[in-house]
């Protein structure tokens, strides 16, 4: 557990430099054992396949640069020295990947190789140089916010992104630490480089990487199980959680992973927001780019829980957090602290920390179902991603309604397929009816589907993505039925104790629809958006995995109950339940 005593980590002195006790070491052993039981570590064979896959991609990168250099008639001496190098980032670079995890990979090339070259030649080279049958998936998304090629190679999922440096060659010895390499780059190249530069800085700024990785595995698993892991929806993403864990490692440089998790809930749960979490002081750099600074930029002052990336140019990784998601995060941190206190006192075990959320089973009586639908599968990938990227805006608007204490978005969407015989059935499906759902297609959540086009649109670059508008009629199956694709996002509503008898959210839902349908590629004949108010006992069965108990309809009481216009009005059949569309018979306040 030794560490470099002379080096200072973080922007403040450590809270404690005590070495771990026997009890803390035992708790750490128990934590690792539980993580293994939770299938958090992958096997040696898969790890070796990852290494082999990356070696192959490095070879392909060098061949790609050589090929482009030759096609541009560059001198042989330039071709020989042009180079090309890959860098990893994300969970693989941080060392917290598990079975089935993607490898986020950055392809860095010299200045004469363009992004157009990348998308034109790399897919062909991958097909040619990979072993026969090794590539199961290959999807280029050139118009994404961060342009990407998604592939599955030898059973390993890889996300390839591209960056061109203002250099004549990219040797294998190149590092990305020096900010001078950022000079003269396009904005997209800067964004692509950011992932690797941030993860490299995080690893350099923690006292003990092994401890950091153990603790981060625990916190990631906890955040995923509690459904508070999604930057797009309004919770911290992977990088933000990593920075929070790294900050605790700096404050307790000698601690075990188990103690870091315990202190994580103690320190972050009591953090004086909006004071930012910093791993090091914010640096100036050589570029005329925006660096997070609430003294200069008015928008930065409104960040509720700022967690600032350590690599130049520093930015806030949690700008999407709203009042509601902040409230949920603080509640979950308090829960985590209570459980870890009992773990260290012997009253509970680590598995109790990782118990699943109760978003659908117990947390709310009322939900909003945001249903994005399309008549073709390709159109749905883009449209559902666009709607997902805007859900947080609806949450923020709902927070302006005094009767709503918390509007909590669920951190993933549910993708469903429906077969309809006529336009009446299609209309019903577009508005939440599940009677025509395909029985031979399993409902998938967006995190499991991992569609790269959907993910690219959800990341916020849908304005530059084209909608596949080839035809607007639904796909027809062999039985003559038309196929409709939809993705549903859920928001749980917690009402204020002093809420009035009527709840009118017609303005908020109308504005949200206008934002989404105002997208330049929206096609009303192809895409649809509906918002349905749903009681907990009316939720679809497929949001409850095997073993979970669906809420039941309470027995009617004789006493007068609260009239919730926006929650339950005109009955609409959907799996035999009552629902109401937000754009029918708008409730009044």
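Cβ atoms here come from the backbone N, Cα and C positions, even for glycine.
Caution: TrEMBL annotation is automatic and unverified by curators.
Neighbour density for residue 89 (ATP binding site): within 10 A of its CB lie 24 other CB atoms from the protein chains shown. Here TrEMBL flags 89, 90, 91, 102, 103, 104, 159, 220, 229, 238, 239 as ATP binding site.
Positions annotated as Mg(2+) 2 binding site by TrEMBL: 102, 104, 159. Around residue 102 (Mg(2+) 2 binding site), the same-chain residues at least 6 positions away in sequence with a Cβ under 8 Å from its Cβ are 90, 91, 92, 157, 158, 159, 450.
Summarising the annotation, TrEMBL assigns Mg(2+) 1 binding site to 102, 104. The Cβ of residue 104 (Mg(2+) 2 binding site) lies under 8 Å from the Cβ of 88, 89, 90, 91, 92, 93, 159, 161, 195, each of which sits 6+ residues away along the same chain.
Sequence annotations record features per position, and here TrEMBL assigns domain 'Poly(A) polymerase nucleotidyltransferase' to 10-206.
Taking H, G and I as helix, E and B as strand and the rest as coil, DSSP gives the domain 'Poly(A) polymerase central' (211-356) the counts 73 helix, 4 strand, 69 coil. What TrEMBL records for 211-356 is domain 'Poly(A) polymerase central'.
Positions annotated as domain 'Poly(A) polymerase RNA-binding' by TrEMBL: 358-552.
As annotated by TrEMBL, region 'Disordered' applies to 542-589.
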Shell of the Mg(2+) 2 site beyond 102, 104, 159, same chain only (C-beta within 8 angstroms of their C-beta centre): 90, 92, 103, 105, 157, 158
